Every structure is written in C-alpha cells, then in structure tokens.
C-alpha cells in the first residue's frame, strides 16, 4: 500500500504518477504581480469580510489582472468531487451534504466584492438525485437577483447529459454556459475516466440549441498531439461552442498526471488562429490562460461576433474589449521573444 503525504492511501494511478518527479517550468511560465487600485480594494474587501474565491484558494496566477477588472470565480457544491480527473487538484470521494444556503452567500459575496462579472464552477455531485442541477441554477438566479449589473458564467459538470437536468440549469439564463472538454479522444478515458468525450459535446450542443452563449476549454501537455488538438477544436465548433480557451497543463502535485510536453507560445498562437478560421467568435490561448481568464471580455466579444446586443444592464462589459490580456500567447511572444523547444525536465 502506498500512502500520500497526508496519510491517505493512494489510488493505483496516483501511486504510478508519483514515480515521476515534479517538472521544472520553462521561462515563459511566469507572471508579474501588478497590484492596481481595483485589486487592492478587492483584496481588502475579501480579507475584511472573510469571503472565499477560487482565485485565492487555488493560487491562480492571474488573480491580479482579473481582480483589477472586477472579475472573480467561486467554487460551489463543497470541496469534494464525486469524480476524479487526473489533472484536477480538487479532492475526490464522498461529497459533503448539500448546503442550500450557499447560493445566497455566493450572491452576497459578489455584491460585497463589487464584481462586474462572476464565474461559478463547482464539483460534480453524482450523489444527488439532480446531480447538483438545482444548486448550479440557483446560484445564477441569486447572483442576478442581488446583482442585476453583474454577468454570470456557469461552468458546470455534464449532469450525465440528462435533458431534464440540463433544462433546470439552462433556464437560470447565465450569460455564458460553460462545460469543459479538456482533452482529446485518444487519451480522454485515461485523463477523465468518469466523463465521456461525446457526452460532453452533446451537453454543449444542447446549450447552444437552447440559445445560450457556450464555452469550453482544452488543456495541452497531457499527451495529445497538435493534430489531435485541431480535431478537438473542430468537434467543439461543430457542437456549437462560441468561446474557446486553450491552456498549458500545470501539475498540481506528484500524484497527478505527469506533464508530457511544454507547449511553446507559438503553438498557442497557431491554435488561436486556427480556431478563428473555424469560426469561433471568441478565443483566448496561452500557457497560463485559464478557462475563467478574461471571461467578461470573451462574453462581450462573442456577443458582438454573433450580432447580439449586450443588455443595457451589462453594457459596461463593452469596455472589457479593450482590456489587458497579459497571458495571451501573442503578448508573451512580444514580451519574451521567440521560444525554443523545451524538453520536460525535473526539479
């Protein structure tokens, strides 16, 4: 039996992963902390009121940029997921009991932080009859109720692609419905054993058919090829995905899937160009781009590309079209210059 540092018995896949040391990062995997006035105000509010965001608790490298623009992400449904993905740092196991007061608290946090755009994500809740559909929908409703000028992005699990559960979530009318595909078919089962590639595409297709702006994410560096990435992008576009984010996999701990390759900024630029050529209305691609990165900007961009007017109460999001995108690959190339192929090495 192999035991982790916290005394928990490792899963077989975790024990196998832990045989590979943590990888050393290439020079372009870095951020610069710029603490502007909006960030400092957000920080003071969060600290003073004991609020909780994914941004802080997951140590997101983009927190300074997003908070400066009054954007933040929240994790709902508890801290334990009923499924395990080999890249994800959220622990898996038996989830905690459903907290029906959580939607109100999240909505009040959004108000206290003065957010212009909020992303709501969470754990998978296969233990519940509705797989958490009510919770995901109610958080969106409460945020809209208490914060009519705040856009909401709902990043959800697949709810087993049950139409009646998806309907509950869709009817809450988030500005963006997001469901992340994450990887390519060949390695999907190994990386996300409790999910199904085609089922995830069907969930996105259902949201698109309902009339929602849709979004998904791809993580590179877990064993896929460039050609497979392009095919996955094509599958997402055919399913009706409006917004696409593409990012580099960064290994949370030694128990997670080893990094197979460092994807150069030039490849991220090429994927972004290919995505626009396929007809994606909005794309953000770069090593430290995360699925919620610059989400308000991407929503506004997608709305404009689809010929839709941004509602009057969210018209301030038009300003985000000119905001910063420090982690976009084109900006990294401007900052660091051309990159060299960097083999995976270990600390």
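Cβ coordinates come from backbone N, Cα and C, glycine included.
DSSP assigns residue 60 ([4Fe-4S] cluster 1 binding site) to coil in the three-state reduction, outside any helix or strand. Sequence-distant contacts (6 or more apart, same chain, Cβ under 8 Å) of residue 60 ([4Fe-4S] cluster 1 binding site) comprise 54, 66, 73, 290. Among the features that Swiss-Prot reports, [4Fe-4S] cluster 1 binding site is placed at 55, 60, 66, 292, with the record citing sequence analysis.
What Swiss-Prot records for 81, 85, 88 is [4Fe-4S] cluster 2 binding site. Note: residue 88 ([4Fe-4S] cluster 2 binding site) has non-local neighbours 81, 252, 256, i.e. same-chain residues 6+ apart with C-beta under 8 A of its own C-beta.
Across all of the domain 'Radical SAM core' (67-281), the predicted model scores a mean pLDDT of 96. Residues annotated as domain 'Radical SAM core' in Swiss-Prot, with sequence analysis given as evidence: 67-281.
If you measure from the Cα atom of residue 55 ([4Fe-4S] cluster 1 binding site) to that of residue 85 ([4Fe-4S] cluster 2 binding site), you get 20 Å. For the recorded [4Fe-4S] cluster 2 site, residues 81, 85, 88 set the reference point as the centre of their Cβ atoms, and the other residues of that chain within 8 Å of it by Cβ are 83, 84, 87, 89, 90, 92, 123, 124.
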